[in-house]
Amino acid sequence: MPDVLPHANPAGELVLALRGISKNFGAVSALTHIDLDVHAGEVVALVGDNGAGKSTLVKVLAGVHQPSSGTIEFAGKPVKLTSPSTALDLGIATVFQDLALCENLDVVANIFLGREKDPMRLDEVGMEIRAWQLLNELSARIPSVREPVASLSGGQRQTVAIARSLLLEPKVILLDEPTAALGVAQTAEVLDLIERVRERGLGVVMISHNMEDVRAVADRIVVLRLGRNNGVFTPDSTNQDLVSAITGASDNSVSRRAGRRAASTPAQENHP
Amino acid sequence: MNDKAETMPGGKALLDRQDERVKHEEGFAGSVKAFWSQVRSGDLGSLPVVVGLVIIWTVFQLLNPVFLSSNNLANLLFDSSTIGVISLGIVCVLMVAQIDLSVGSVSGLASAITGVLWVESGWPVWLAILAALAVGTLIGALYALLFNSLGMPSFVSTLAGLLAFLGAQLYLLGSNGSINLPYDSPLVSFGQLLTMPDWVSYGLAALAGIGLFVTGYRTAARRREAGLSAESLASLLAKAVVVIAAVEFVVFYLNQSRGVPWLFGLFIALVLAMNYALQRTKWGRSMRAVGGNPEAARRAGIPVKRIYLSAFMLCSTLAALGGILGAARLASASQQAGTGDVNLNAIAAAVIGGTSLFGGRGNAYSALLGIIVIESIASGLTLLNLSSSLRYMITGAVLAIAVIVDSLSRRSRVSHGRA
């Protein structure tokens with residue numbers, strides 16, 4: 001297994017710290033003793049193969065799933081994320097992979113869902129203006145904010161979901177596959193946005209399968225494999241190192257054999 | 001159609017008109033065009049029910065000229081109000097994609113409780129009504145508990161409730177079978193006789209149009225100030241004039257005989273209150289969100305279980321209120337109250353009026369429109385001296401057509417990307 005590298009970019013203070021998080025679904029251990037640190041003003045990329053537990057980890061942080069064991073510290077204090085609203089109130093905003101939008105509601109209603117202005121007399125005009133501001137910050141191409149979300153394309157929905165996460169001025173943003181459904185220009189916009197968010201001093205956790213995107217913005221790359229930590233990398237580590245950490249190719253019978261031989265002879269060959 | 005983007009005084013494009021790919025219809029003709037394209041893509045709104053109503057009224061008027069007489073229409077409004085109130089509750093549960101099949105039994109139980117406590121036990125009438133309403137609320141809370149904690153589908157729990165509360169109603173009424181409510185009491189007068197003085201009804205009708213105009217004007221002014229596109233003054237005025245003219249005409253016609261029932265006034269007030277709650281409050285927004293995508297609503301921090309609780313409680317409470325009004329209308333609390341087609345009519349009215357069975361789509365006016373369709377059919381068939389066997393069959397067919405329209409328009413919305 002690759003060594004855990006020291007923190008490449010000593011960013012701001014520790015905002016979010018996970019210690020020994022495990023999550024079981026019946027007999028299946030989706031997460032086992034996961035540790036994760038997120039500092040203010042850094043982008044942490046979470047990578048791993050399908051079924052590595054990335055989305056489960058994001059759902060634990062979003063308060064959707066409760067961990068079976070382990071502790072979560074937010075801004076130095078231990079917290080329990082019992083529901084999505086606790087996480088939101090603390091300042092952890094999430095853009096889910098399935099976006100979690102209500103297709104029957106319009107864009108404004110979706111952006112402000114659960115956070116409407118003036119509960120007894122909705123401030124539709126105020127909400128619409130703020131919605132346009134957020135969307136314009138993202139250079140979004142949304143034809144009308146009064147159309148139901150069902151009428152938008154995948155990329156437009158992604159933009160709406162990201163705009164929603166920014167509404168509450170969060171401290172940490174979790175993005176589950178933020179660029180998977182986006183075109184070239186929109187991907188660049190989202191990556192720009194992630195950098196802008198980092199400059200504002202927010203912690204960003206981003207899940208992605210796209211190594212190019214990950215290298216472009218991430219300060220640290222955390223690899224998960226089969227629900228366990230499998231190393232932390234810097235963006236300049238080689239593709240081969242990353243891929244082998246993700247696929248576990250360096251931990252197969254061939255590499256173990258190579259490791260045994262390395263113990264007896266100093267010359268080491270590490271071809272899987 | 002307007003090719004150049006609309007601009008603000010400063011020459012900058014309006015905040016919501018900056019995307020040149022999107023066509024925006026302007027002015028009065030534009031609104032009509034936009035409405036037509038909306039209808040074609042399957043967002044039918046109230047159109048099918050209005051068309052249906054015109055057909056139904058024409059047919060019955062041709063078959064029996066008494067049908068559209070002022071007196072018959074006033075009666076129709078009395079009848080519509082009681083089940084309409086129940087239907088308003090059904091709109092609530094349908095909004096969160098649930099169902100309450102026991103509203104008929106709950107309304108019957110409420111009428112029995114009112115009768116027993118008021119007439120037999122000598123309670124003050126208001127206290128008896130409050131007690132009946134409270135029982136209704138508790139029944140709704142029970143359904144919500146079964147649904148939220150035990151995951152019991154509302155279809156099953158309310159089906160069980162349908163039988164159980166019918167049993168409770170029969171038990172309360174005992175061997176007599178029915179309790180007559182005093183004819184000279186205010187409750188019975190309210191249910192049978194009281195109509196608005198002419199000036200009140202004309203005044204309220206005018207107020208409706210003026211209120212529509214004022215709120216519309218204020219919104220338009222705020223939007224213009226904020227740099228958003230806004231509805232033109234001409235279009236607002238046209239709408240207000242059409243509404244005032246239409247409502248004043250109806251009121252004028254009703255005032256030729258008995259006038260506008262206060263009972264119907266109460267129903268309209270409840271419809272308007274419910275419409276406000278569903279359209280303009282956070283609660284209403286949450287209801288739609290839960291009906292559209294409960295998981296997304298939960299992740300947005302909406303207390304989904306409490307929303308279900310509120311929907312079930314509101315539905316049962318309105319069912320109880322409808323039962324009490326029904327007892328006032330008949331001047332009796334009987335074993336027949338709330339049985340037969342009450343259940344189906346209340347649910348059918350909401351669906352016919354345009355509230356989707358699939359959740360998250362609909363409005364309070366659908367209860368009003370739907371119940372007028374249902375009661376028109378009932379009244380027309382009664383005038384033709386048709387037996388209740390035929391009435392059931394025809395009402396059943398109308399409900400089937402309404403659900404087919406709902407399903408087809410849903411499919412069309414999906415294929416036009418508006419689901």
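One is the number of the first residue shown, and numbering goes on along the chain from there.
Backbone N, Cα and C define each Cβ position, glycine as well.
According to TrEMBL, the feature transmembrane segment maps to B:47-67, B:73-94, B:125-147, B:159-179, B:199-221, B:233-254, B:260-278, B:307-330, B:342-360, B:367-384, B:390-408.
Long-range contacts of the transmembrane segment (B:159-179) within the same chain: residues 101-102, 104-106, 108-109, 111-113, 115-116, 119-120, 139, 142-143, 332-339, 343, each at least 6 residues beyond the stretch ends and with a Cβ under 8 Å from a Cβ of the stretch.
Listed by sequence, the residues of this chain that lie at least six past the ends of the transmembrane segment (B:260-278) yet keep a Cβ under 8 A from its Cβ atoms are 74, 77-78, 80-82, 84-85, 88, 91-92, 95, 190-191, 194-196, 201, 204, 251, 254, 284, 287-288, 318, 325, 328-329, 363-365, 367-368. Between the transmembrane segment (B:307-330) and the stretches B:47-67, B:125-147, B:199-221, B:342-360, B:367-384, Cβ pairs under 8 Å are most numerous for B:125-147. When each of the listed stretches B:47-67, B:233-254, B:342-360, B:367-384 is scored by C-beta pairs under 8 angstroms to the transmembrane segment (B:73-94), B:342-360 comes out highest. Sequence-distant contacts of the transmembrane segment (B:233-254) (same chain, at least 6 residues past either end, Cβ-Cβ under 8 Å): 27-28, 31, 70, 73-74, 77, 201-202, 205-206, 208-210, 212-213, 216-217, 220, 260. The stretch from B:47-67, B:125-147, B:199-221, B:342-360 with the most CB pairs below 8 A to the transmembrane segment (B:390-408) is B:342-360. If one looks beyond the transmembrane segment (B:125-147) by at least 6 residues along the same chain, the residues whose Cβ comes under 8 Å of a Cβ in the stretch are 98, 100, 102, 106, 109-111, 113-114, 117-118, 153-154, 157-158, 161, 165, 185-187, 305, 308-309, 311-321, 323-324.
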